[in-house]
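A short write-up of the structure that comes next.
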Amino acid sequence: MSFVITITVNGDEKRISEGQTIADYIIGLGFDPTKVAVERNREIAPKSTFNTQVLSAGDTLEIVHFIGGGNNA
Amino acid sequence: MTDTTDTWQVGDKTYGSRLIVGTGKYKDFEETAAAVEASGAEIVTVAVRRVNVMDPNQPMLVDYLDPKKITYLPNTAGCFTADDAIRTLRLAREAGGWDLVKLEVLGDQKTLYPNMVETLEAAEVLIKDGFKVMVYCSDDPIMAKRLEDLGCVAIMPLGAPIGSGLGIQNPVQLRLIIEQTSVPVLIDAGVGTASDAAIAMELGCDGVLMNTAISEAKNPVQMARAMKLATEAGRAAYLAGRMPKKKYADPSSPLAGLI
């Protein structure tokens with residue numbers, strides 16, 4: 001059986017199954033890992049480590065991408 | 001015809017277009033892409049924001065503007081502290097894989113004036129961390145020099161408050177900065193219409209950066225083209241060297257041989 005852990009993603013608490021890597025989680029959400037960047041507990045998670053970093057209970061993730069923007073937009 | 005020999009460099013790349021455009025405030029990504037195309041810009045500014053976890057299928061900017069063909073310049077718009085700006089650009093570097101960035105640390109919601117103390121602090125950290133920093137700054141020549149000395153790759157003073165469209169309000173200060181600076185100087189913010197872009201370029205700067213002047217025009221795509229032409233015209237006029245201003249009239253036709 002798999003356990004459920006709680007993590008914070010972009011400011012919201014999420015309950016996810018234990019043992020997922022960052023790549024598993026992003027793809028599970030429906031995003032293309034090549035188009036996003038991830039910060040885990042205020043440290044950059046390099047794309048090359050998405051497949052090896054396993055999420056732990058209490059992790060805080062920021063998942064970002066590029067949007068249209070100019071000055072202060 | 002565009003003068004193909006008149007190029008400028010920032011980071012490791014050479015550009016022909018001296019117009020950098022923002023990609024915010026457009027109706028949709030189709031209009032953004034059409035305006036960028038019409039502007040002839042080879043560099044666009046982009047923002048870094050959280051993805052919408054609930055809606056992974058929202059269209060993405062990268063699907064409309066190919067980062068392989070056009071230089072994405074991630075900015076720190078909306079950051080009010082050095083720490084926020086540094087964090088944002090570290091994520092941007094990871095998202096895109098390039099280190100040319102636009103640093104902008106704001107000091108006040110109403111004026112969106114840059115906070116130069118925080119800007120200097122962030123620039124120092126980012127440069128040590130390997131970033132190539134193009135920096136939005138006040139029009140103070142002393143501050144501009146400090147940023148250049150720190151190693152910023154472009155100095156980008158404002159011509160008027162962000163989004164105001166007031167035109168170039170500070171030609172004296174801008175000229176001082178342009179004269180003293182050995183890296184590219186781009187006028188960032190303040191342009192409202194095409195003549196403002198031409199005035200900016202006539203001062204001798206290396207380029208102009210704008211967003212609202214295009215995106216809030218009634219016809220953004222047409223204004224994008226106008227800005228392209230104005231930037232080129234202003235640059236050409238600067239290179240040509242304008243005639244001296246005189247106090248009184250000076251006839252264009254010879255006076256000799258008058259009947």
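Heads up, the Cβ atoms here are built off N, Cα and C, so glycines get one too.
Annotated 1-deoxy-D-xylulose 5-phosphate-binding residues in TrEMBL are B:ALA189, B:GLY190, B:ASN211, B:THR212, and among B:GLY163, B:GLY234, B:GLY241 the one listed with them is B:GLY163. With respect to Cβ neighbours within 10 Å, the binding-site residues B:GLY163, B:GLY190 differ, and B:GLY163 shows the lowest count.
Of all Cα pairs drawn from B:GLY163, B:ALA189, B:GLY190, B:ASN211, B:THR212, which the record names as binding 1-deoxy-D-xylulose 5-phosphate, the longest spans 10 Å. The predicted model assigns the domain 'Thiazole synthase ThiG' (B:10-254) a mean pLDDT of 93.
Closest to B:LYS102 (active site, schiff-base intermediate with DXP) by Cα-Cα distance, out of the binding-site residues B:GLY163, B:GLY190, B:ASN211, is B:ASN211. A count of other CB atoms within 10 A of each Cβ picks out B:ASN211 as the most crowded of the binding-site residues B:ASN211, B:THR212. Annotation for B:ALA189 (1-deoxy-D-xylulose 5-phosphate binding site): spatial neighbours B:TYR136, B:LEU158, B:GLY159, B:ALA160, B:PRO161, B:ILE162, B:GLY163, B:SER164, B:LEU209, B:MET210, criterion Cβ-Cβ under 8 Å with sequence separation of six or more.
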